[in-house]
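**Q** The following feature annotations were taken from TrEMBL:
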type	residues	note
TRANSMEM	A:12-32	transmembrane segment
TRANSMEM	A:44-66	transmembrane segment
TRANSMEM	A:78-99	transmembrane segment
TRANSMEM	A:119-143	transmembrane segment
TRANSMEM	A:155-182	transmembrane segment
TRANSMEM	A:202-222	transmembrane segment
TRANSMEM	A:234-255	transmembrane segment
TRANSMEM	A:261-284	transmembrane segment
TRANSMEM	A:396-416	transmembrane segment
Amino acid sequence: MISAEVRPGRAAALARVPAFWVVAALLVAGGVRMTQIAGRFATVYPVATVTAVLLFALLAVPFWLVVSELDFLEREPIELLVLAFAWGGLVATSVSIPASTAGDNLIAKLGSPELAAGWGAALAGPAVEEIAKTLGVVVIVLIARPQINSVLDGVVYGAMVGLGFQIAEDIVFAVGAVALAGQGDQIQPVIATFLLRGFVSGVWSHTLFGALAGAGIGYLVVRRDRGLARRIGVALLALLGAWASHALWNSPLLIDGLGNGALALLAVLVLKGLPPLLLILWLVRHAHDREADYYVGHLATLRDSELITESEMKVLGSGSARASARRLAGESAGHAGRHAVRRLQRAQARLAVELSRSSSGETLETCEQIRIQRKVLRGLGHPEAIAGPRSWRHTASTIITTVVAIAVLWVALSALGGA
Amino acid sequence: MARITGRELKNLVGTFGVVATLAGLAFGLPAVDRAFSAERSLRAGVPVDVGAGVTVVPPSGATLDVTGTRPGDTMGSALFRLGAVQYRIAVRPFDGDLETAASRLRQRITGTPGYQVTGSQLAVGTVDGLDGLQGGYTAPGRGGRYAVFVGDGLTIEVTISGNDLDLGRTLPQIEASTRTLRVDGSGR
C-alpha cells in the first residue's frame, strides 16, 4: 500500500513564511553569541582555537555525508540541511549554555552539591539540550512543511541539528581543555579532546540523540492517519528516548564498574552507547524501507524497462544493493560503468519523487537523463544496474575496515590513558 | 487589508511556541535558579569535602556557595564566601611537580583578560604536611591570592578574590583555613 506519509510537496517559498524571519533573527542572535565565545577563545588561544575549528570541521564532513545520504530517494534541500546544522551549532548551543548551568545549579540547590557533582551532567544538560535541539526540527516544519514527507526526513533533520550542536560543543570543550591545562596556547589538549569526543564517543553523541527526537517530530507531522493524541505521544516518547540515551551516556553509571584498561573502557562505551545506536539504526531502516516501498511503487506503474527494470527496482530501495550494483558495474565496465550506474540511480530516484508529485514537465527531462545513462551503460556492455553476488573482496574489505576502526578506537583509548 | 489565513495563524502560533520555549530555557530557567539562594551556613570547625578525598575546615563565618561546589570522586571544588570575598578550592588529578602545578595555575589566571600575577611566590604548607606555593594577583577592581599544593596524585588549587579592604580583613582566617587542607586518599 502506498502511504500518504511519504508524499512530498512543493518547496516552500521561505521568505513568505512568518517563521522564517523569526528563525533568521534567532540564528543571527545565536551567531553573535557563539562568535563572542569563539572571539574570546581566539584572543587568548589563537592556535588552539584554529586547530580545534579545523579538526572538528573535518570530523563533520563524514557525518554530514552519511546523514545526508540516509534519504537517498528523496534528498533534503541543502539550504534546509544547512539551516538545521546552524540551528544546532548556533541557537541550541547559545540557549543550552546558560540553561544547563542553571539546571545544574538548581540540582545543587534543591538536592545537594554531591548530587550535582555526580548526576548534574546527566540530568541538567540532556533535559535542556534535547529540547533546544528538537526545536530545530520544529522550525524546519514551520518553515518548509512540504519538505517533511516521512519519518526519515525527521531523522535526517534531527541528526543534522545534532551534528551542528556536537561540532560547536566539541570546539568549546577542546579550547576549554586548553584553558584548564594551563600550559598556554598548546594543541595537545585539542588533540586529546578530538580523540575522545571525535573517535571514542563521536558515534553515539548528539547526532544520534537528535535523530531519535527528529523521528518523533517526523511521525507527529506525517502520520495523519493516526490520532493526534497518539502522534503527540510518540513525539514525546522519542524526545524522552533522546533524553534518556543522553542521560545514560552522561551518567556516572559503570564508571568504576568494569575496572581499568582500554578493554574495560570499550565495554563501558558499548554498554552505554549501543542501545540507542541500535534503536536508531532499526528506526532508520524501518523508515527507509517504508519510504522506498512508496517511491518504488510509483516507478512500478511506469512498466518501462528502459527507465527501470524489475531487478533495478529491487536494487533502488536498498542502500547496500545500490552500492553493490555500483561495485558490479565497476568490476565489469570500469570507472565509467560505476559512474553511469550512480547517475542512473540518482535519476531514477528523482523520477520516483517527481512521479509522486505529478510534475510531468520535470518528469520528461528526468526520463531523458535516464535514457542517456542507459545508452552509456549499453555502450559499456553493462545494460542493467543490478546488484552482484557478495564478493570475497567486498567481505574482506568490510572485515579489514572493521578491524582498522577497532584498532583506531583502541589506540585512541590507550592514548587517553585507558590502557 | 490583507487577512491572515488559518495556515499563517498556525505558523505564527507555532513560531511563538518555539520562541517562548527558547526564552524559557535561556532566561526563565536562570531566573528560577537566581530565585533560590546558593549559600548554605556551615558548622564551625567541621571539615568540608572538596572532592577526591580532600577536605578543608572553612573559616568561621564563611558560607558554602553550592553553585561552585562539586565534590566528585576523582576531582571536585568548593566555593566559600566571606562577605564579598570568594574563597575557592579546586582539586583534580595531577602527575607533575609543585612548580609545574603553580606555573599552570598562574597561566590560567593571566589567561583571563586584565588579570596579572604580582610579586614573587612564597613556600607554604598545611598542618598535614602538604607543601605548596602561594602568590598574589590583581584584576580590574579587585585583587587576589592563589596557592597550590601537590600530593597523592592530586593538585589542590586555592584562589581568593575580593577588594583590598575585604581581603585585608579576611586573609588571616582564610590562610588558617588553607593550612587545614588534607588528603585522605579515599578519592584515588
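Note that the numbers count up from 1, one per residue, in the order the chain is shown.
Glycine is treated like the rest: Cβ placed from N, Cα and C.
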**Q** Looking at the transmembrane segment (A:234-255) and the transmembrane segment (A:119-143), are there 3+ C-beta pairs under 8 A, with each pair at least 6 apart in sequence?
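**A** Yes; at least 3 Cβ pairs under 8 Å.
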**Q** Go through A:78-99, A:155-182, A:202-222 and flag the stretch with the largest number of C-beta pairs under 8 Å relative to the transmembrane segment (A:119-143).
**A** A:78-99
**Q** Go through the chain and flag residues at least 6 beyond the ends of the transmembrane segment (A:155-182) whose CB is under 8 A from any CB in it; none is fine as an answer.
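**A** Same-chain contacts beyond the ends: 34, 37-38, 41, 44-45, 48-49, 52-53, 55-57, 59-60, 63-64, 67-68, 70-71, 76, 80-81, 84-90, 92-93, 96, 129, 133-134, 136-137, 140, 148, 188-190, 192-194, 197-198, 202, 205-215, 217-218, 280, 283-284, 287.
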**Q** So, taking each listed stretch (A:12-32, A:44-66, A:202-222) in turn and counting its Cβ pairs to the transmembrane segment (A:78-99) that are under 8 angstroms, which one gives the highest count?
**A** A:12-32
